[in-house]
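Data first, discussion second: the structure below is written as structure tokens.
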Amino acid sequence: MADVLTELPGVGPSTAEKLIEAGYLDFMKIATSTIGELTDIEGISEKAAAKMIMAARDLCDLGFKSGVELLKQRQSVWRLSTGSKELDTVLAGGLESQSVTEFAGMYGSGKTQIMHQTCVNLQMAEKIFADLEGVVEEEMENPKAVYIDTEGTFRPERVVQMAEGAGIDGQTVLDNTFVARAYNSDMQMLFAEKIEDLIKGGNNIKLVIIDSLTSTFRNEFTGRGKLAERQQKLGRHMATLNKLADLYNCIVLVTNQVAAKPDAFFGVAEQAIGGHVVGHAATFRFFLRKSKGDKRVAKLYDSPHLPDSEAVFRITEKGIQD
């Protein structure tokens, strides 16, 4: 591996080892990094970092693509069922890979339940292969999920209950789900960055969940004086998640807290935390709200190609259903 990296200008065996230790295992990781990220590694100057990045981009053939090439790339997108046919219809078939989907809502609106359900659905072959088109089957072999829990709400027993409701083995779902408990934003960001290490180690990560995205940032950066710092850090975190989705054709799901809008006279009286940073970085954005009994309403209000729409689903002992 070190021998491969030495093909880059200014990278000798010693620098190659430092890059590998820092998690830069291939040209693509270097090509999609910033100069600032590489200069954090001891012994790498800004000039050297710039040369490495440009050379890596040439080797990876990064640059402009025609619309036809992008259309072909879109054919590798696959979709995963949410468990609700009505919600899947709003999403034109299910949760989409190569994208970040946000579910925001008040407590009890069903955010964490959807996250648990997707871990189960990932292990159901008929769900995965429902809309594969150009995806190679080997790419989807033994798919695994990563669940970064920032609020202590992941419940393995609930996953088992949902799996049994779906007719599959709960232990299999848990065996294929990596869980990390993040107590602060630094841990949360580190776990997200370490996902590439899991992939390089031979784990076929196809689902990444952050539950919830903004709680640690919200707790640490209080007051308007720290808002800019919080947003910059949150922006870097979202960039990491988008990169994972694009490079590894995986689905990224994030839940988000909401804040009241006291000046709202009509429409939704809450807004998702994170402002424009999250709004621009998320591909699909949902608001969840409670309805009668076990019913919940999911409203899609932002998407690059789908219309605004709503779906009603239920949270039962067996999981997410219509």
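Heads up, the Cβ atoms here are built off N, Cα and C, so glycines get one too.
The annotation ATP binding site is assigned in Swiss-Prot to Gly105, Met106, Tyr107, Gly108, Ser109, Gly110, Lys111, Thr112. Of all Cβ atoms in the protein chains displayed, 24 besides its own lie within 10 Å of the Cβ of Lys111 (ATP binding site).
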Quiz item: Taking the Cβ of Met106 (ATP binding site) as reference, which residues of that chain separated by at least 6 in sequence fall under 8 Å from it?
Solution: Val258, Glu270, Leu288, Arg289, Lys290
Quiz item: Looking at the binding-site residues Gly105, Gly108, Gly110, which one has the fewest other Cβ atoms within 10 Å of its own Cβ?
Solution: Gly108
Quiz item: Judged by the number of other CB atoms within 10 angstroms, which among Ser109, Thr112 is the least packed of the binding-site residues?
Solution: Thr112
Practice problem: Could you find out if DSSP has Lys111 (ATP binding site) as helix, strand or coil? | Solution: helix
